[in-house]
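So the structure is just underneath, and the comments pick up after that.
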Amino acid sequence: MKSVRYLIGLFAFIACYYLLPISTRLLWQPDETRYAEISREMLASGDWIVPHLLGLRYFEKPIAGYWINSIGQWLFGANNFGVRAGVIFATLLTAALVTWFTLRLWRDKRLALLATVIYLSLFIVYAIGTYAVLDPFIAFWLVAGMCSFWLAMQAQTWKGKSAGFLLLGITCGMGVMTKGFLALAVPVLSVLPWVATQKRWKDLFIYGWLAVISCVLTVLPWGLAIAQREPDFWHYFFWVEHIQRFALDDAQHRAPFWYYVPVIIAGSLPWLGLLPGALYTGWKNRKHSATVYLLSWTIMPLLFFSVAKGKLPTYILSCFASLAMLMAHYALLAAKNNPLALRINGWINIAFGFTGIIATFVVSPWGPMNTPVWQTFESYKVFCAWSIFSLWAFFGWYTLTNVEKTWSFAALCPLGLALLVGFSIPDRVMEGKHPQFFVEMTQESLQPSRYILTDSVGVAAGLAWSLQRDDIIMYRQTGELKYGLNYPDAKGRFVSGDEFANWLNQHRQEGIITLVLSVDRDEDINSLAIPPADAIDRQERLVLIQYRPK
């Protein structure tokens with residue numbers, strides 16, 4: 001009966017965090033709008049080989065992530081949940097692997113359930129796992145690969161070892177098809193310390209080639225198809241998206257070596273109090289094979305991405321699966337022997353909640369700021385934000401009431417965040433970061449437009465997805481579409497600022513022409529170097545400028 005209650009609680013937890021509130025949050029640009037539109041175009045065109053964005057070739061990532069996103073929109077429709085369905089599914093599958101692997105290591109159902117709940121409630125996992133990017137997919141394949149390798153190395157027969165390594169190759173191949181060759185580097189780096197300490201080189205060299213073969217066979221069909229359709233894909237993807245992004249001096253998202261330290265700290269909430277003890281206990285028990293494996297899985301990718309010049313928080317998502325298992329194991333030990341770390345965790349959550357309450361007041365209309373984040377008419381959003389942090393502090397306090405029994409309720413600290421964050425976003429943020437909000441406000445003007453031009457790729461993708469059209473034209477800036485715009489068949493999909501007046505004269509009689517521009521809050525629209533318009537509609541950071549036929 002207790003197991004049934006735990007399962008019901010887990011399903012309720014998943015529903016409240018990962019299912020019910022997802023549709024209440026508008027899509028963020030540039031990431032969510034980009035991936036939503038790529039998948040919409042894939043469904044509309046039926047082309048499941050070459051990814052396109054705004055009808056242009058888009059070679060920043062391989063195809064597998066777009067497949068999953070497209071299936072999500074196919075099943076649930078072109079809506080907020082449909083766009084995010086793929087990443088939620090991948091996150092829940094990763095949690096299922098955490099459950100399975102924890103059971104495999106410790107044969108403890110309670111520990112397995114706890115590891116799963118910790119993983120799903122970690123701030124970084126929840127933030128990325130409900131956000132339509134490709135990282136939850138690659139995290140799933142990496143976690144699946146680590147589970148497959150362990151399965152292979154623990155097998156006692158050649159058939160079991162062979163099956164494990166073949167499965168490892170398939171997961172690595174799918175990882176390559178999701179986000180590239182990092183799906184090969186990360187698992188190799190993660191397992192090497194364990195292989196070295198356990199002296200398991202023989203099995204690795206005897207059976208490792210099976211993983212190589214299955215990986216190649218997994219990638220080969222699509223790899224050959226894309227090479228035949230677009231011969232430049234692999235050159236661009238390998239050189240620009242791998243070498244330049246991670247290693248060269250002009251790498252994207254450059255950050256210092258210590259960048260991931262605050263990411264780990266913030267990402268570990270609401271379980272931050274367990275982080276030092278989990279890592280220390282893991283190191284202290286390093287003679288235990290499974291603990292070494294989890295430590296290596298956690299630390300090696302962190303070191304690898306810390307050395308790389310290009311860094312983003314999403315890159316280390318897979319590390320938190322192993323960290324959740326270490327935390328769960330340590331938490332049960334602490335509850336049994338010395339609950340000090342659990343008390344500290346409760347106080348950290350209380351402190352975080354109260355800090356958020358104070359910060360919300362400071363940036364509210366009633367705070368000391370001359371330009372508050374929320375305006376007076378958005379009072380309900382301020383109260384939603386207060387509720388988020390109040391619930392965080394409340395559950396932090398509740399874990400202290402009988403810490404040996406109630407400490408696990410820290411998993412409910414982010415409950416307010418999950419349910420209310422979509423209702424607390426300030427209008428000034430929505431107007432710049434949520435193109436759907438802009439489309440709602442300007443639908444009647446946008447819908448009949450013959451041509452729509454914009455200077456932001458993220459806004460362009462949002463307009464295209466909301467209006468169900470892929471012919472948005474880039475104005476003044478090419479952004480990440482620069483490569484696709486270089487192809488001869490993309491002629492006419494970009495208009496520079498100097499060319500706009502002539503372009504307008506040539507096309508004005510064909511129908512309504514709409515410019516959607518991103519501007520600074522204090523920027524004077526009249527100072528824009530554009531021909532006089534027939535209509536202007538400013539929505540804070542986004543401006544709709546319209547030209548009608550004469």
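Placement of Cβ uses the backbone N, Cα and C atoms for every residue, glycine included.
Features as listed in Swiss-Prot:
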TRANSMEM  7-27  transmembrane segment
TRANSMEM  81-101  transmembrane segment
TRANSMEM  111-133  transmembrane segment
TRANSMEM  137-154  transmembrane segment
TRANSMEM  165-185  transmembrane segment
TRANSMEM  204-224  transmembrane segment
TRANSMEM  255-275  transmembrane segment
TRANSMEM  288-308  transmembrane segment
TRANSMEM  315-335  transmembrane segment
TRANSMEM  346-366  transmembrane segment
TRANSMEM  382-402  transmembrane segment
TRANSMEM  406-426  transmembrane segment
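Only sequence-distant pairs (6 or more apart) were considered; of these, at least three Cβ pairs between the transmembrane segment (406-426) and the transmembrane segment (7-27) are under 8 A, so the stretches are in contact.
Outside the transmembrane segment (255-275) by six or more residues, the chain places 118, 121-125, 302, 305-307, 309-311, 313, 316, 320, 323, 327, 330-331, 334, 341-349, 352, 392, 395-396, 410-411, 413-414 with a CB less than 8 A from a CB of the stretch. Count of Cβ pairs under 8 Å against the transmembrane segment (111-133): among 7-27, 165-185, 204-224, 288-308, 346-366, the largest is for 7-27. With Cβ pairs under 8 Å as the measure, the transmembrane segment (137-154) is packed most heavily against 315-335, out of 7-27, 204-224, 315-335.
A contact between the transmembrane segment (204-224) and the transmembrane segment (165-185) is present, since 3 or more of their C-beta pairs, 6 or more residues apart, lie under 8 Å. Long-range neighbours of the transmembrane segment (81-101) within the same chain, counting only residues 6 or more positions beyond its ends whose Cβ lies under 8 Å from a Cβ of the stretch, are 14, 18-19, 22-23, 27, 32, 35-36, 39, 65, 68-69, 71-73, 75, 112-113, 115-116, 119-120, 125, 128-133, 136-137, 139-140, 143-144, 147, 150, 321, 324-325.
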